[in-house]
Structures are given as structure tokens and as C-alpha cells.
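Read the structure below first, then the notes.
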Amino acid sequence: MALRAVARFSRDSAFLSRRLVLAARQERNAACSRGGRNGFIFTPACFITSEAFLNRLMKGDAAEADGNIYRPPASVPTDSGEHLSLLLRHPDQPENPKVLKVAITGAPNAGKSTLSNQLLGRKVFAVSKKVHTTRSRALGVLTENDTQIILLDTPGFTTLSKVKRHQLEKSLLVDPWTTVKEADLMVVLVDAGDRWMSSRLDFEVLKCLSEHPHIPAILVLNKVDLVKAKDRLLDITAQLTCGMVNGRRMRVRPVIKPPWAEKRPERDSELSLVKDKEAPEDSAEENSVLSTEQLKALRSQQGWPHFKDVFMLSSVDSEDVETLKRYFIAAAKPGSWQYHSEVLTDQNPQDVCTNIIREKLLDYLPLEVPYTLTQSVEFWQDGENGELNISVKLYSKKDSHMKMVIGTAGQMVARIAKEASEDLSRIYLREVKLKLTVKMRK
């Protein structure tokens, strides 16, 4: 009798959950149809994430009944050989596999790695407030049910003159362009909280969009939580899309501009002057397939009129990012998986470690100091109690920089090692003991 009562309660709960999901879908569809009259659909995250939340509640018995398999986030193996073996393992293809390659692009410090981490459900890519944290293209794999989303996290677009001036790695210049070529969908991430940079797309981003018009692209306004006047988001959208979304003209209600908006043209002219000075060197780049006339036209262009969709979110908000993830899953097309479902990233364990350490160096050291440091993994071994013992040596070019890294009584280097250990423990799913030493490179 008790078992029958429990079974009846479970069936009633599942039925009620499905009714709630159906009601949420009807509410969302009604909201979308109301917004569609102007040719531009703005769907607030709450309409979609409410359904996503209910879907998460229904996982378990209801999900198994539908034939779906919930896969917890994978981890990164700590052994390089094991990691390589996992990458080469034959994919465990479902019956009707779907796949989508997504290139996360944008200007430096737009939040690309933060978004990629949130989509994966685990921190894999280094994140910092300083520019050029990501030095080379890295791959993340999100596998859910019968769909595999391959995230291509790229360095921020930069110019040849900046790479030479600051002696940066060539990967920062090459990787964003080569990565886009293999993508099925291009995400252009823009920092909406930056009042100056959000008024126009980065010129290198415009060049990339112009050179690959056949690749569908979507605009994602990030850090919208930092924008106090929310109607300004529509102004930003109108500027960055040239008033066109998915081939339709969007209508934006005029709003009263704040006092600082009057100064923007002056600032924009300064930015364009700086870009014009760099133009001869950058436009002479051999890899560009655009003519001089096309490059000149792009310099006077604020946005891109061929975006397929627009999203407004905060990449640190998991519910906001869930909306974008569902969009990717819906956009995936039938095709064979490229990786086994247990693969999380193509970065080897040592690269993950050095990237996380670089993140902490960028967070805690001033100015150019973290950019001048190099790393060398000296020791990597399993401990007797199952922990992972790692020793990394940091090399400094200047004695003053070395003293900053060490800090008073070694407090700075100890803090960096402690926080990096905690992050690595969550990535590897095991205890990590990290030791950092600093040495002058002669």
C-alpha cells in the first residue's frame, strides 16, 4: 500500500512538472510573438531559464523515461599519457549524434574564457581582469545527451603592430583567425559594461566577420549586470548590428541620453585617429583577403548587419549562460562526435596548470611584471595518499620583479600557490599540492 502511494505521488509530481514546463513554454512563445512585430525578438533570460530550471528538476526518472542520459561534467586527467589516450579514444557515438563547433571570439578581456568555463560547468580556462590571459587557442567539449558542443576558446583579436610592440606570442595574432575557419558558428562577445568599446565592434573583429561571411555569427553582449540603464542595451545593440538582426530591421525606441554621451563622439574620433595611424602597417598584412577599399570602408563601420541572433547576459550567471547553451544544442546538426564523452578539454595537464598559475600572477602582480615571467614544471608526481605533488619554477628577468613575486616574507608566492592549488584540485578532482619557487634568469 505504501509503495503504491509513493508511486502515485511520483507520477503526480512528474505530471505537475510537465504542466509547469508546458505553461512556461506557452508564456515564452507568447512573449516572443509579441516582440516579433518589430522584427527583433528580445527574450529576457528569465523566460528561458525558468524552463531550464524546471528541466533540471525533472532530470532523473523523467529524463530516463525520455531516453536522455545526464552526464556530469568531466575532469582533466593528471597523467599526460592518460589524457592523450582519452583524446584518441573512439567516440562513444549515440544513436543519432549531433555536433556543433562554436568559436568564442571578441576583443581582449571581453570575457570569452569566463563564458567558456560557465558553458562547460567547470573552470578549465584561465581567467583574469588583465588582457591576453589566453595565449593560444584551446578547446573545450560539452557533451549532453546526444549532442556534442565543441567550444573553441580563442585569444582576443589583436594587431601585428601590438604584437611587435609588446613582444607577444605570435599565437595571439594567428590563432583567432585560424580557429574561426573550422567553426560552424561564430560568437562575437562584447563587453557591454565598457561605455567606450561597446559603441563599436573592434576593427579586427569586423575584418574577421567580413572575411568569413558564410559562417553564421551571433552577437553576445556580456557583463550586462554592469549596465545600470538597461535601455542603453538596445542602443548598443542597434549600433553593433547596424539596426539589422537576422535580415530584419529592428526598431529601437529613442531614449534620453545621459550627460556623458555627448562626449562619446570626441572619444570615438580619438580612437579612430589611433587606428588610422596603425592602418598602413596592419592593412599591409599578407593574410588579409580584403582590398584596401574594403578595409577603408570597414573603418567607418560601427557594427555588423548580418548577425543571426543577439543575446544579452552575464557570463558569471549560470542561468543566463544556460539560455545560450540551449541555443547551441538546438543549432547542432546531425554529425559524428569528434571526441569521447569523457573529454573535457584538449589542453594537457601541464598546460592547464601553467595557465592557472599565469592567471594568479596576472591577478596579483602589477603592470608588465606577470607578462615577463616564464614557467617550468620541475616535478609532477602522485603522492602516497592519492594527492598530486607539483613543483613549478618561475623565472624572472629582473631582480625587482622577483622580489614582487616573492613578496614580504614569501607571502605573495605562497598566496599564489595556495589559490592555484585550490583551482587545480577542482579541475583534476583530486587534492593538489603545488610548490612555487622563483629564480633569476641570467
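Backbone N, Cα and C define each Cβ position, glycine as well.
From a predicted model like this one, the values you see are computed outputs, not experimental measurements.
As recorded in TrEMBL, the features of this protein are as follows:
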DOMAIN    98-335  domain 'Era-type G'
REGION    106-113  region 'G1'
REGION    132-136  region 'G2'
REGION    153-156  region 'G3'
REGION    222-225  region 'G4'
REGION    261-289  region 'Disordered'
COMPBIAS  261-280  compositional bias 'Basic and acidic residues'
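Across the residues of the region 'G1' (106-113), the predicted structure has a mean pLDDT of 86.
In terms of DSSP helix, strand and coil, the region 'G1' (106-113) has 2 helix, 1 strand, 5 coil. Residue counts for the region 'G4' (222-225) under DSSP (helix as H, G, I; strand as E, B; rest coil) come to 2 helix, 1 strand, 1 coil.
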